[in-house]
Amino acid sequence: MLCRLGGRWLRPLPALQLWARDPPLAPVPTSGAKRPTLPVWAVTPVSAVHANGWYEALAASSPVRVAEEVLLGVHAATGLPWWGSIPLSTAALRGAVTLPLAAYQHYILAKVENLQPEIKTIARHLNQEVAVRANQLGWSKRDARLTYLKNMRRLISELYVRDNCHPFKATVLVWIQLPMWIFMSFALRNLSTGAAHSEAGFSVEEQLAAGGILWFSDLTAPDPTWILPVSLGVINLLIVEICVLQKIGMSRFQTYITYFVRAMSVLMIPIAATVPSSIVLYWLCSSFVGLSQNLLLRSPGFRQLCRIPSTKSDSETPYKDIFAAFNTKFISRK
């Protein structure tokens, strides 16, 4: 039985063509009423932080200044109050930057998923060849196992190169989205505390103090009702659960990561209750847009529009499936 791999053939022993271009197998080595008090880190002017502190360096960095100018520019161009311009800026940035990257992430992961049957076939043939060679050369089980793992990693890497879908490429979204989230958060912190690197810094702080709506009318103060922080935690947990509901048979590492993200989602609630409402409003809008993008990228029509390859795990009714799984896990269970 032959298994084609990028122009190379895997043949049963004794041919061992698997290593035709490599050395032979060998064993491998091992206001008014008292305003809620902000924490020191949220209100201390940048100049008051230790001269060599990382916090000062980050708050005064060029990316944070750019984020400040983006927020000020959107606010000036639209004429919206701050409670409207912050969500608009968030949606625009997430739509222009993270949505394409999220689509690319799904594209890579779909190609990796479609490689799994071929990888399983290669693993079976390789395991047979290593077993025969180990018997011929008298390798120990440990040496045979290490040799199998080394060559399996090499062959999988060749598949990723062939199809241009190395899984690390799927992490580019995190490396862009997380810094952007941090820079925008620091920019809003600077604007809300008068520490903005702009001549209009203090006037912006005054605008933010009167630029809220409903129960969070002062965007420079924490939300005294905790409605924004709790809403943030709920949306973040909802994102986590939707992702988990779509997975079957998670590994132990994936399970640990899921518990960690759940814990961080809950921990963000008391943290969000101590920072200016402008920051929490940004966090809430960012999470809501993230949830919307997550659902959008499950749409068969949108996936086809983005040229994301079809996979065995795709569903024609993804939203109905999510609702059914959610109902089974959290509502209908006894």
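Each Cβ is built from the backbone N, Cα and C atoms, and glycine gets one as well.
Per Swiss-Prot, transmembrane segment is recorded for 168-188, 225-245, 264-284. According to Swiss-Prot, the feature topological domain 'Mitochondrial matrix' maps to 189-224, 285-334, an assignment based on a curator's inference. What Swiss-Prot lists as topological domain 'Mitochondrial intermembrane' is 246-263, and the listing cites a curator's inference.
With a cut-off of 8 Å between Cβ atoms, the residues of this chain six or more beyond the transmembrane segment (225-245) that come close are 215-216, 258, 261-262, 264-266, 268-273, 277, 280-281, 283-284, 287-288, 290-291, 294-295, 322, 325-326, 329-330. Across the topological domain 'Mitochondrial matrix' (189-224), mean pLDDT in this model comes to 80.
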